[in-house]
Structures are given as structure tokens and as C-alpha cells.
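Trainee: My questions all concern the structure below.
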There are 2 protein chains.
Amino acid sequence: MSVTAAKGFTAAGIAAGIKENGNPDLALVVNNGPRRAAAGVFTSNRVKAAPVLWSEQVLASGQVSAVVLNSGGANACTGPKGFQDTHATAEKAAEVLGRGAIEVAVCSTGLIGVLLPMDKLLPGVETAAAQLSEHGGEKAAIAIKTTDTVHKTAVAEGDGWTVGGMAKGAGMLAPGLATMLVVITTDADVDSAVLDEALRAATRVTFDRVDSDGCMSTNDTVLLLASGASGVTPEYGEFADAVKTVCADLARQLIGDAEGASKDIRIEVVGAATEDDAVEVGRSIARNNLLKCALHGEDPNWGRVLSAIGTTSAAFEPDQLNVAINGVWVCKNGGVGEDRDKVDMRYREVHIVADLAAGEATATIWTNDLTADYVHENSAYSS
Amino acid sequence: MSVTAAKGFTAAGIAAGIKENGNPDLALVVNNGPRRAAAGVFTSNRVKAAPVLWSEQVLASGQVSAVVLNSGGANACTGPKGFQDTHATAEKAAEVLGRGAIEVAVCSTGLIGVLLPMDKLLPGVETAAAQLSEHGGEKAAIAIKTTDTVHKTAVAEGDGWTVGGMAKGAGMLAPGLATMLVVITTDADVDSAVLDEALRAATRVTFDRVDSDGCMSTNDTVLLLASGASGVTPEYGEFADAVKTVCADLARQLIGDAEGASKDIRIEVVGAATEDDAVEVGRSIARNNLLKCALHGEDPNWGRVLSAIGTTSAAFEPDQLNVAINGVWVCKNGGVGEDRDKVDMRYREVHIVADLAAGEATATIWTNDLTADYVHENSAYSS
């Protein structure tokens with residue numbers, strides 16, 4: 001279903017030869033209108049790849065006609081030439097689609113510090129344009145994979161309108177955003193201001209709360225495009241819920257496919273004085289390598305959770321902290337609680353509840369365990 | 001040499017039976033005077049182990065007669081009973097040494113959330129006291145090991161006076177401080193105010209800049225005791241240098257023995273606007289799991305360095321960043337620099353220079369690579 005689930009969109013995914021192994025590496029998503037409204041959220045890393053710098057300019061107008069996405073090279077840390085290459089990519093798409101280049105967003109993912117093979121990429125844009133189809137969403141989702149083992153798509157249906165999307169990302173998943181490229185489309189008839197509000201509200205509690213390995217990418221991009229082709233303008237809350245549903249679904253798939261992971265870990269912080277406190281504590285727990293190793297070993301090591309909480313500035317008293325792992329309150333009042341042997345750690349999903357006993361606010365952060373496979377994958381993956 | 005290199009100190013290390021495997025697990029260090037001045041630096045984790053809470057009180061007076069250290073249990077997250085146990089340990093040492101309990105510091109290391117076997121620990125204090133010796137420093141250093149593969153000692157000699165110390169720590173090494181117990185002794189005739197100043201100045205640029213895995217312990221303690229037995233009062237700068245030398249030596253040994261590490265990584269940040277900026281950038285690089293995996297694979301992946309710098313709030317322009325790995329400037333002006341194939345990664349020590357081109361300040365942070373052995377060690381190490 002992917003980006004072509006909503007009416008008014010066509011897409012394609014091809015192998016342009018950017019990846020040496022011949023796998024699909026170029027995707028094109030086109031908004032055929034009647035509207036071409038768009039919103040975008042980008043990495044908060046201050047070292048931004050050329051396509052991010054370009055697409056931020058494109059999104060300033062709230063108008064996007066097409067998105068070119070490539071895997072096989074991030075076009076990050078590539079200097080002025082890298083930016084020229086992104087611009088040339090947008091120009092080429094604009095030319096073949098009969099649109100202005102400033103309406104073409106570009107997304108890249110792959111190795112940092114390497115120029116893209118433009119002699120393959122530019123002809124690839126032409127090839128992809130020739131294959132655009134209302135059924136091309138799946139192929140587009142496949143073409144943006146890097147170390148992903150599966151492609152990721154999601155759909156939410158409204159009353160006469162649809163939101164659908166695709167995502168890539170399998171590591172370097174961390175707040176603000178994860179290392180991900182995400183394109184979401186809708187045929188709802190809404191303007192860019194509504195898209196922007198709904199997208200920011202959704203990413204704040206979905207992609208921004210996925211923290212696989214604490215590493216933040218130079219290329220993260222999440223785009224939301226509206227064609228208006230359904231002719232329906234949904235009530236805002238309903239529309240925002242659908243966008244959030246798709247984002248949450250894709251975010252959960254990203255965590256489920258994180259590099260080398262054997263456990264998906266849901267960290268639910270409750271009893272926090274503020275939501276900011278809850279997020280800070282959740283992230284601190286999510287980034288604790290010792291805990292992530294322990295959970296890999298199916299060890300419900302609550303001492304690591306307390307150590308991680310103790311490094312934050314959140315409001316709490318050490319002797320009032322409570323921690324449950326998979327439903328067993330192994331830590332009560334900062335000390336030993338129920339018998340840790342009661343914790344069943346056999347399943348892939350691990351659920352940690354950290355109760356700060358300091359208020360009513362909550363937040364949930366998702367992470368993965370740390371495994372030898374993660375090390376192997378990332379010590380072999382060259383820059 | 002260890003803690004008995006300086007005159008006026010005796011020490012012992014024994015197997016009290018706290019560790020189930022029968023290895024040495026209890027150390028005693030005694031200051032026989034004439035002075036009993038002391039200073040201490042403790043973990044900044046807000047979840048502090050009982051011995052830290054106790055020893056902070058002891059150090060408030062600037063006076064320490066003895067230190068009891070145990071491995072085999074951290075006595076952290078153990079509630080009021082844990083604090084009572086620490087107090088009983090100090091009382092026992094005070095009783096057998098004929099001193100006040102409030103002059104006895106206590107340090108513990110090992111598993112969190114488990115009460116210490118006091119029926120073994122208290123008789124152990126008596127046994128250790130009976131074995132106190134001017135040559136006992138080595139045995140004391142051995143008795144505080146946990147996952148350490150070697151015991152760590154260091155000595156610096158002044159003109160008629162000496163500074164010597166011991167350390168334990170092999171993981172969970174992170175700023176403020178590392179997971180470490182350190183006792184340093186001197187026979188210099190200096191008061192507790194001088195000790196405090198020299199110790200804080202030394203730890204700030206040594207132990208506080210070791211960041212093996214970003215995890216901060218509940219038990220970190222660094223103590224500096226002066227006996228005055230040499231009768232010499234050194235010039236402050238000279239004394240502070242000797243303390244720093246011993247701290248730097250021990251910190252380097254901690255990094256060299258970090259859990260599962262195959263590379264010791266020296267991250268030198270230069271050209272920073274402020275020292276705080278340099279430290280923030282160095283820590284961000286040191287905590288990047290993807291970089292740590294890449295360096296394990298002997299891949300000079302400078303893109304990961306730039307990604308890590310980009311997450312900080314330090315002053316820099318992305319297109320002015322320069323990065324050298326083992327002397328080769330692989331990144332210049334935020335883009336591709338010298339040929340990365342020139343980087344020789346065969347040796348255990350890796351030297352990264354990150355030039356922010358924003359000022360004159362510098363800082364050096366030490367870390368390790370991330371390895372499958374780290375994962376194995378910490379997924380098997382139960383709470």
C-alpha cells in the first residue's frame with residue numbers, strides 16, 4: 001500500500017546502479033494533485049546532508065510535487081559539490097515531470113562522505129519517471145532500504161480519505177529524529193499548515209521517541225504530502241490521529257528491524273513531574289549500554305535502570321523509585337522488590353515501567369538491546 | 001607499591017568469603033599518621049550506594065583514619081538495611097583499630113541491589129586488620145578487583161615525599177566519575193584543604209575524562225589520604241602535579257582494562273571556543289556506538305565523528321570541521337580530506353583529533369571501542 005494507498009499519488013522504485021550490488025536504490029514519489037501541499041520534519045543534527053539542506057528550502061513554500069529518494073549514498077559531508085548534486089537531481093526530476101525544481105524534495109541515505117554517482121543517478125530519475133504507477137508504492141519502499149531487512153509501509157483509512165506511508169531505517173535510530181527517511185501521503189484535502197501541525201504532533205511522540213542506539217543521523221527526513229484527491233477535508237483531530245497512527249506503525253517497524261537487535265524494549269516512564277522529565281528519564285534508560293546488554297542476556301537488571309535514572313535532572317527521590325520489568329515490580333522504593341526470578345524474559349518485547357513517584361506525567365521510549373550482531377554489523381559497515 | 005608506597009600507611013587484602021568464588025574481596029587501608037588528613041570525590045549519580053552516602057559524611061570532617069573496601073557487592077539500592085550494614089562495617093573497623101567510626105570511610109563494588117553477607121564481611125575486617133602491613137598495598141589492590149583483569153597501582157615520587165595509589169574499574173567508566181574505587185595516599189605533610197584542591201584539580205582532567213561506555217556508577221569514590229609521615233610540605237604546584245600524575249596513570253590503566261575492549265581511543269578536541277565545548281564534543285564522540293563499532297573494525301569512519309559533533313551545542317561551523325585519525329586528516333572543512341586508506345589502524349591505541357576551528361581551547365577524552373566481548377561480558381554479568 002505504502003505511498004500510493006492515497007489517491008493522487010504515483011510512485012516507482014528501480015535499481016539505478018548507485019548500489020554496487022545491483023539492488024533497488026532509487027525511488028520517486030509524485031503528487032498529481034489537485035493539491036500539492038506538504039510539510040516536513042528534518043534531523044536536528046547540526047551536520048546536515050546536502051539533501052536535507054535542499055529539502056528544507058523546498059518545504060519552506062509548503063508545496064511539494066515530487067520526492068526523489070536514493071539509497072546507496074547519504075550525500076553528507078560532501079561540500080559544495082554534494083549540494084550541486086542534490087540540486088541537479090531536483091532539476092532532472094522537475095524536467096521529466098514538467099514541474100519546478102523548487103517543488104522537488106530530495107532524500108538520500110547510505111554512506112557519509114562519498115559523492116553520489118551522478119552518471120547513474122540522473123538517468124535513473126528518467127527511468128523511474130517512466131515507471132511511475134498508482135501501484136508503485138511497494139517498489140518505492142523497497143528501493144530506499146539500506147541495512148533494513150524488510151521494507152516498511154503503513155496505512156490508516158479515514159471516511160473517504162487515506163493516509164499511507166513508507167519508511168527506511170535500521171540503525172542510528174535516535175531522537176530528533178531517527179536515521180530514517182519517511183514519506184507519508186494523503187488524499188485528504190488539507191493545506192500545508194494543517195499538515196505541519198499534524199506531522200509535528202505525530203513525530204514528537206513516535207519517531208522522536210525511538211532511540212535504538214543513541215546516534216543521530218545527518219539525513220533524517222519525514223515528509224507528509226497531501227493531494228486533496230479524495231475531495232474530503234476531515235476534522236482535524238481525526239486527521240491528526242490517522243497521521244499519528246501511520247507514524248507510530250512505521251516507528252514500531254523501525255525498532256523491530258533495528259540492526260542486530262534481539263529485543264524490542266518499551267520503556268514507559270510514569271509518575272513524572274513533567275513530560276520533559278519522563279522523556280529525559282526514558283532516553284537515559286534507553287541509552288544505557290549495560291542495561292541493553294543485560295536485557296540481551298535476558299537478565300532483568302533493575303540496578304542498571306536505577307543507575308540510568310540517577311544521571312538525570314528529573315524530579316525524584318532515590319528511595320521512592322519503583323521499577324517493573326514485564327509486569328514484575330523488581331524494585332520498590334529504590335530497593336529490592338518482588339523476586340526477579342518471576343520475570344519472564346523469553347519474548348522479543350520487553351516492557352519496563354519506571355515510576356518516579358513525583359507526579360502524573362508519562363512518556364514511552366522504544367529502544368533495542370545491544371548485541372554482538374550489532375557490533376558485527378557496524379564494525380563491517382564502512383564509511 | 002600502591003597505597004603503601006607512602007610512609008605512614010599499612011594495608012591488607014584478604015578473601016573474606018563475600019565473593020562466592022573465594023577470590024580476595026576485602027581490603028583495609030590504615031593511616032597511622034601523624035596526620036590523618038583526607039579529601040574525597042564521589043559519584044555525581046543521584047542514586048548513590050550506601051557506602052557513598054556514609055563516606056561523604058566521613059569526609060566532611062577532612063579526617064580519615066582508615067578505609068574499608070569490599071568487592072563482591074555494591075551495597076547500592078539496598079535501602080536502610082544497606083546503610084546500617086555500611087555503618088556496622090565502619091564501627092567494626094573502628095573497634096579493631098581503636099579509632100572513631102566517623103573516621104572510617106567505606107567503599108563497595110559489585111552487584112547492585114543485593115545486601116552484603118555481613119556474617120562474612122565483619123569477621124573479614126578483623127582478619128584484615130590482623131594482616132595490616134607496610135607491604136600490604138599490592139594485596140589491597142588485588143582485593144578490590146571485580147571484572148578487572150589486572151590490579152592497578154601507580155606511584156609518583158617527590159623530593160622526600162611520595163604519592164601512591166590503587167584503582168579498580170573495568171566498565172561503566174563515565175564522567176563524574178568512572179565506576180571506580182580509588183585510594184591514593186601520600187606522606188606529604190599537607191592539610192585536607194590542600195588535598196581537596198589537588199584532588200579535584202586532578203580528577204577533573206583525568207578520571208572525569210574517561211568514558212568507556214557512557215554509564216555512570218552508583219559507587220564511584222576517589223579518596224586521597226595524607227599521613228604527613230615524611231615531615232615534608234611540598235610546594236603546592238609540585239604536590240598537585242604528583243597527584244595528577246598518579247590519577248592520570250590510574251585512569252589510563254582503567255581504559256586499558258575496559259571490559260571487552262580491543263582499542264583504547266584518545267579523543268583530542270582542539271580549536272574549541274571553550275573548554276566546556278571541547279569536553280562536550282569529546283564526550284559526544286566517545287559515546288557514539290556506531291563510531292565505537294567502526295573503530296573496532298579498524299574502519300577510520302570520520303562521518304560518525306561529524307555526526308556526533310553535530311549533536312552538540314558547541315560553537316562550530318559544519319563546513320569548517322577537520323578530523324584526523326592516527327595523524328591522517330581524513331576530513332577537511334567538513335568534507336572528504338586525505339585518503340582514508342592511509343590510516344594505520346593496526347595498533348591498540350587510536351588517536352582522533354577533532355578540530356572545531358572555533359577557538360583555542362582543548363580537552364582530551366578517553367574511551368574504548370565497542371566489541372562483541374563487551375556485549376558477552378555484560379549480558380552474562382547478572383544483577
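Cβ atoms are placed via backbone N, Cα and C, with glycine included.
Keep in mind it's a predicted model, so treat the numbers as computed, not measured.
As annotated in TrEMBL:
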- A:T179: active site, nucleophile (ACT_SITE)
- A:T146, A:K168, A:T179, A:E259, A:N378, A:S383: substrate binding site (BINDING)
Trainee: For the binding-site residues A:T146, A:N378, work out the Cβ neighbour count at 10 Å and name the residue with the minimum.
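Mentor: Fewest other Cβ atoms within 10 Å, among the binding-site residues A:T146, A:N378, is found for A:T146.
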Trainee: Using a Cβ cut-off of under 8 Å to chain B, which of the binding-site residues A:T146, A:K168, A:E259, A:N378 qualify?
Mentor: A:N378
Trainee: Across all the protein chains here, work out how many other Cβ atoms are within 10 Å of the Cβ of A:E259 (substrate binding site).
Mentor: 25
Trainee: Under DSSP, is A:N378 (substrate binding site) part of a helix or a strand, or is it coil?
Mentor: helix
Trainee: Around the Cβ of A:K168 (substrate binding site), how many other Cβ atoms lie within 10 Å? Please give the count over every shown protein chain.
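Mentor: Taking all protein chains shown, A:K168 (substrate binding site) has 27 Cβ neighbours within 10 Å.
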Trainee: Translate the DSSP assignment of A:K168 (substrate binding site) into the three-state scheme.
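Mentor: Once the DSSP labels are grouped into three classes, A:K168 (substrate binding site) ends up as strand.
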